[in-house]
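TrEMBL annotations:
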TRANSMEM  100-119  transmembrane segment
TRANSMEM  126-148  transmembrane segment
TRANSMEM  160-182  transmembrane segment
TRANSMEM  203-221  transmembrane segment
TRANSMEM  248-276  transmembrane segment
TRANSMEM  288-309  transmembrane segment
TRANSMEM  315-338  transmembrane segment
Amino acid sequence: MQMVQKREKVSPLRRGVYRNLWLLALLAAVFLLGCNTGQYRVAPLEVFWTLLGKGSPTAQLVLIEFRLPRLCLAAMVGLGMGMSGVIMQDLLHNDLASPGTLGVSAGSGLFVTLYAAFFSSQRGMALMLPVLAMAGGLVSAGLIFLLGANRRKPLQPTRLIMTGVAMSSAYGAFGTFLTLLIDENRLEFLQRWQSGELWGTQWNYIAIFGVWLLVFLVLTYRQSYVLNVINIGYDVARGLGVNVGRQFVFLSFCAVALSSSSVAFGGNFFFLGLIGPHIARRLVGTDARVLLPASGIVAGIIVMLADMLVQGISLFANIPTGIIVSVLSVPYFLYLLIKS
């Protein structure tokens, strides 16, 4: 008699949790590699001692004042954009939905451009930028749903995306017009920021961004089960007692808040909220409980790697990180476009 041992099946949720842990380990490895990327080399052991406050003065200056805040900002921008992309794709049941394609990022950018163009004071900038960016994102989202929705027909995601693309073009044109009215110093800042410049690398900016991000990450993750139900279908969600209209508005608000704050401090990363969720979905599946963190981690790794190319290769020196991300993301975006 042969004993047949059956392998215990691992549930998709548990498998997703395990793969999230691997992604976290990869994020930590990329973070450590980023600490050693640049003209001044810092050995991994010296990084450890420097973080404990026992490194050399030069290592402390390079790491604490320059590299660590930049790496933290890159990871946080990716986290916000990646999770925002998951929310929008699940709500609209469309693989091409993202803060960039829906025009939300462009609306946030327009409000930040208005502030930078007409208010030169730096006082309170860390507090003002996420508020202005969120206001711009909400106004943009409201206009898109107002113009793209049809009361006589069910919600049509493709129509919303096309409306978002049109609005994004209009915002870009108006933003370009604003750049003609400002001086050279602010013009250079705006041009680099619009291309995805990680500019908010001071610790006070990162602290404000971190608190803002944490609040909306918690609010979003608590509603992950609602995202799972809505992703199945609006009618199914209603049948299970979900107030689809209320949850749609709330989750859209969280998505705008996450993407807008990322745009405010990290610049405009057009494809990031689109690519991150798709890569994460292939790794951990569609369950929002594991997909949300996985998408944020993947997007964070993408931004960190792109920024390491900027910092470590002289050919890419002074190129905004967002341009590198876009160049790397365009082929995958075209693949998704053809597939859909």
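Positions of Cβ are set from backbone N, Cα and C atoms, glycine also.
The stretch from 126-148, 160-182, 203-221, 288-309, 315-338 that makes the most Cβ contacts under 8 Å with the transmembrane segment (248-276) is 126-148. Within the same chain, the transmembrane segment (160-182) stays apart from the transmembrane segment (203-221): fewer than three Cβ pairs sit under 8 Å, each pair at least 6 residues apart.
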